[in-house]
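Everything below concerns the one structure shown next.
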Amino acid sequence: MVWTQLHAEIHRTIRSRHLFEGNKRLLVAVSGGQDSLCLIKLLLDLQPKWGWELGIAHCDHRWRADSQANADHVKNLAENWGVSFYLETATKPVNSEATAREWRYQALSAIAQAHNYQYIVTGHTASDRAETLLYNLMRGTGADGLQALTWQRPLTENILLVRPLLEITRKQTEQFCQEFQLPIWEDSTNQDLKYARNRIRQELIPYLQANFNPQAELAIAQTAELLQADVEYLERTAQQLKEEAMEWEVGEEFLSSSSPSSLLLRLNRQVLQKAPLALQRRVMRQILQEILADAPNFEHIEKLTALITAPNRSQTDPFPGGAIAQVQGNWIILRNGERRSN
């Protein structure tokens, strides 16, 4: 085996960031593109050092005419490498990027669960991280959206998603594939400029590189890395603040299905008033995530946060689903909208 600088870098990253334990089962998501081929080749070469059992999973979205041929191509690669292969095909074509991503992670989790894989590994790179940060920035987001692709995150209670290539650019994965003559399957949808992410990749980032910083891609990805550490700290601190400020009391019906129907949730305003605005907002977002069916937006978070310093008996307009929040002295009370006071 030829040991390259990229092999050494990924080996070092896995060890220093504690991405995997040795002698575990890793399910590698392989589309057939350059990033996933680079990933599986690196893991196969590192396998003797770590004692992993590797499997390859391919998800066929059925949104290209050549998708079946693409799946067969990946299956043949897996057979040539002597690696278990798993194929999941969408029952109907998946038409949006968001829907495709959600279906893909569900499919990968199901395969991993059925075949006892502890890790799902994807080939997301620093280039993907930069694109995701820019995409979220233009949609409007906080630091949580700007941290853009984390090294690890749990998909289920016992399956961890891992992205070992987040410090590697797409240019590097292309060079690696060329060096080892890996047969890349070109995905024609990556060239389709109707997708916002493709416009960022094909037009915006090259413009930034040509006119502002040749290393713009890495610089933006490094910003995401710095923000990730900040977000993790703020989330932990906000969780502690929430636990300090939050109380349950017997009273009117509270909306959270996970709570006993006889309990009301109330928040101590004096505790929250001592905290900086950044933590106040995070506490309110965490609370709203528990009681709303969909993710809270900026307006929802702001109107609940405003009650921390609002006059007595101030209250919000109803949130989606009917919940309202009202100030009662030193407390913010979350209650059913039908109980709204006049």
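Using N, Cα and C of the backbone, Cβ positions are placed for all residues, glycine too.
Under the heading ATP binding site, Swiss-Prot lists Ser31, Gly32, Gly33, Gln34, Asp35, Ser36, citing sequence analysis as support.
Overlay of Swiss-Prot annotations on the structure.
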residue: Ser31; record: ATP binding site; CB count, 10 Å: 20
residue: Gly32; record: ATP binding site; CB count, 10 Å: 20
residue: Gly33; record: ATP binding site; CB count, 10 Å: 19
residue: Gln34; record: ATP binding site; CB count, 10 Å: 24
residue: Asp35; record: ATP binding site; CB count, 10 Å: 24
residue: Ser36; record: ATP binding site; CB count, 10 Å: 24
Legend entry - Cβ within 8 Å of the mean position of the Cβ atoms of Ser31, Gly32, Gly33, Gln34, Asp35, Ser36: remaining residues of the chain near ATP: Val30, Leu37, Cys38, Gly123, Ile184, Trp185, Asp187
Legend entry - Where Gln34 (ATP binding site) falls in three-state DSSP terms: helix
